[in-house]
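Novice: Got a structure here, written out as structure tokens. Questions coming.
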Amino acid sequence: VTPVMSSPCCGFLAQYTHHHLVAFLLTFFSYVLLHASRKTFSNVKVSISAQWTPSAQNASSPTWEENNLFADSDEATLFLGVLDTIFLFSYAVGLYMSGVIGDRMNLRYVLSFGLCGSAIVEFVFGTLTEWLQFYNIYLYCGLWVLNGLLQSAVWPCVVAVMGNWFGKSGRGFVFGLWSACASVGNILGAFLASSVLKYGYEYAFLVTSVLQFAGGVVVFFGLLTSPKEVGEPLMSDEEDEEEEGEEEGSEEVCDGGYYTIQQGDEEPRETPKAIGFCQAFCLPGVLPYSLAYACLKLVNYSFFFWLPFYLSRNFGWKEAQADRLSVWYDVGGIIGGTIQGLISDCMGKRAPVLAVSLLLAMGALVGYSHSPPDQVVNAALLATTGFFIGGPSNMISSAISADLGRQEALRGSQEALATVTGIVDGTGSIGAAAGQYLVSLIESKLGWMCVFYFFIVMVRSSNLT
């Protein structure tokens, strides 16, 4: 029997079992390991650029002349931006497909395949090619396309598993806390990369890819994707809301009016079936939030891909120092996602919280663009910026995606979580993909200040959407 909840913000914790905790932790650390390996690439860009361009060190290598990829660092930087764009475009395309696949296949199989497959590709890209002294532009592009497709299988699956285990009650707080997985992965990746970078950037790829592969194996043997696998009912959002309504004696409407409380007895539900891609795309709220996330993820992932590079080039700090300093942006995102999710639960609405945070994010971007070359001040401004940008980004990609995939319009056809999550994150990734090339182009032609102006325009566009 589900215990009576004392409040929507706190009492909901009493209904969870150790199965909920295991599902929370396994999905959390799955994405932590994925983002740690993904973050490695952005953390070692300076070292990769130096390896691909003429320098006193690599000029002494007997194979350098035949493996000379670029004439100078500007060309190497532009190609690094191209790789980011290639990855995100393939990641976006993969999200549209993997969401549909996740709703039709065992989520555990799809998740494990994505984790292990991506780990192998990253090992080949960053470690094996360096050990063999084999540098080829077309190979790098092909591997990064494949990596994007494989990694796209992970996020829709972990959000769907979380949506199966955790109902709407308290979802903002639970998902806000859980969505810190990406930021925790960024922090872990930054520390791992900076710890082994002195031995060569290939060892950063080696460590994170091995950990990610091991995580995929653990998920394959240990993850329960739904309460039904242990004989517990899968509570829909409507049922969750009914229990709250019966306790309070009143109806409650979710943000945007997507959910309504149904009183009285209901007929037994049919076995849930997965909905089609077009049907999911046309659900209320999916398109607006997808477009807003496209603008917001462009900014969030620009910090993800380029922040260590910016800190190293703009302030002259060592690459390892820049890697460690960049984690403060993720610290701000972790705190922001959790606090803003909790506030949205207590308000019963998510859109106003997002709107206020994004307005403040524009001011934070202006402040950070004028940061002095002081690491303490820079870290404080980074954390503030991460709070107001990373927080809303985490909410849209997790709690709001789960809300949209469990809305009242889906009654009788509940298998839409992975599909809706894939659509929202896929559209966001398209915006982020286009943005990475634009960032590298704007930086090379106009400088970093114009890049920050571009970020402000994108945050404002996200807020208006």
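The backbone N, Cα and C atoms fix where each Cβ goes, glycine too.
These came from TrEMBL, pasted as-is:
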TRANSMEM  21-37  transmembrane segment
DOMAIN    23-465  domain 'Major facilitator superfamily (MFS) profile'
TRANSMEM  76-97  transmembrane segment
TRANSMEM  109-131  transmembrane segment
TRANSMEM  137-161  transmembrane segment
TRANSMEM  173-197  transmembrane segment
TRANSMEM  203-225  transmembrane segment
REGION    231-253  region 'Disordered'
COMPBIAS  235-253  compositional bias 'Acidic residues'
TRANSMEM  286-307  transmembrane segment
TRANSMEM  351-370  transmembrane segment
TRANSMEM  376-396  transmembrane segment
TRANSMEM  445-462  transmembrane segment
Novice: Cβ pairs under 8 Å only, please: of the recorded stretches 76-97, 351-370, 376-396, which one is richest in them relative to the transmembrane segment (137-161)?
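Specialist: Of the candidates 76-97, 351-370, 376-396, 76-97 scores highest.
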Novice: Which sequence-distant residues neighbour the transmembrane segment (203-225)? Criterion: at least 6 residues beyond either end, Cβ under 8 Å.
Specialist: 19, 22-23, 26-27, 29-30, 33-34, 36-37, 40, 43-44, 106-109, 111-116, 118-120, 122-123, 125-127, 160-161, 164, 189, 192-193, 196-197
Novice: Under 8 angstroms, Cβ to Cβ: which one of 21-37, 173-197, 286-307 has the largest number of such pairs with the transmembrane segment (109-131)?
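Specialist: Top-ranked stretch among 21-37, 173-197, 286-307: 21-37.
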